[in-house]
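Listed in TrEMBL:
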COMPBIAS  455-465  compositional bias 'Basic and acidic residues'
COMPBIAS  466-475  compositional bias 'Acidic residues'
DOMAIN    361-435  domain 'DRBM'
REGION    455-475  region 'Disordered'
Amino acid sequence: MTRLLPGKQPAGSYLLVTSLTTGAIRAPICVINTPGRPADKKINSSCGTEAYLRGDEMSSLLLTEPDQISALFSRINHNERLEFLGDAVVEFLTSVHLYYLFPSLEEGGLATYRTAIVQNQHLAMLAKKLELDRFMLYAHGPDLCRESDLRHAMANCFEALIGAVYLEGGLEESRQLFGRLLFNTEVSVQEPQSDRQLIETSPVLQKLTSFEDSIGVLFTHVRLLARAFTLRTVGFNHLTLGHNQRMEFLGDSIMQLVATEYLFIHFPDHHEGHLTLLRSSLVNNRTQAKVAEELGMQEFAITNDKTKRPVALRTKTLADLLESFIAALYIDKDLEYVHTFMNVCFFPRLKEFILNQDWNDPKSQLQQCCLTLRTEGKEPDIPLYKTLQTVGPSHARTYTVAVYFKGERIGCGKGPSIQQAEMGAAMDALEKYNFPQMAHQKRFIERKYRQELKEMRRERERQEKETDDGAEARK
């Protein structure tokens, strides 16, 4: 197994052991298994163990090469964090290959194929090819006695192993391992050199050059950028050869991978659930739409509107533009460009999300606050949403939704969809209703991060002033 993690031996050994350690093992002890002999049998026999590492002894590995290893080490000694990372890597590799393999397949078909490949049942088959069940470390007990539980654990170990290979050997090593197990054919690319010669004859591409100037990136294949900005309502044309839904499918996986890797490295002691919450605060429609709006992407959206007037795009549409742009950036350049883009436009927002407790959407926050007010021994009261009004034609409706708690209306919101109206109602309730849990969290954050909050507010006021000054100058 060690040949899967080439390079620096201390980090490789630590990652390999962790990737094969199931969540059932909670004590900081690792037993290196021998093929054909389960770890629990060794622990309970009088033969002793062949390689016995305590947590404090394993941490001595960090002293050899601290710069390279310290970011990979965590006090969490099982594979759930690596599984969190490996899941994003597997989804990314699958999405990229399917995108190239089926150039004419729509987003729905690509998603169906990806679901079949990344589901646990299939990953367990790939784990069986590597005989991971012979190397897995798990506690003695009934947890993995059933075949279905064992296969689920094997799938988790496979994802964790892919995550470990990615950390130690990079994207190319993990691509080769996953590719050898799954794909046999090489992908191909249209227009391998460049298509910028088409800019002279295309007004659409000429307009996009100003967007390239604003972000400081010159696309080798500028038609990729044009396709990323082409909405679904636009019919087939020979310039973009389709709309941006396929690229949105790929861009989502790319963002998930980059955000997952960043959080895995920068929060070494956070469990999988906490990392998932932080990732959801970064990679969601609201944040993506905000970044797209700040970059002015809505001005370059290619629609079927012949009037050339500015088009007001919904939050979901703006988020799709951003994801499609990420896919175009990856295909035309590489993953390093995406890392840089997200380092500039996304990850600095994480501090604000944490200080404002924005790692959950308003509906989830409201439900959590309501659950804290439950009476012991009784069923908990949960917020209920009711649609009060629907106005406008079928293609441009506005919904009004109210939220009730214990029979009392505590918030109201409007939006172009029922979901957005419910989010608005939940946000209104969180601002108006006096929830003890919210008040306690705000007091705690205010006490612990008083200086950071002051700096964040000053920065926000400065940005708002610059925006207002820019608007006045344009007038």
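FYI, residue positions are counted from 1 along the chain as it appears here.
Cβ from N, Cα, C; glycine included.
For the domain 'DRBM' (361-435), the model's pLDDT averages out at 88. Across the range of the domain 'DRBM' (361-435), the DSSP-based residue counts are 25 helix, 24 strand, 26 coil.
As a summary of secondary structure, the compositional bias 'Basic and acidic residues' (455-465) carries 11 helix, 0 strand, 0 coil according to DSSP.
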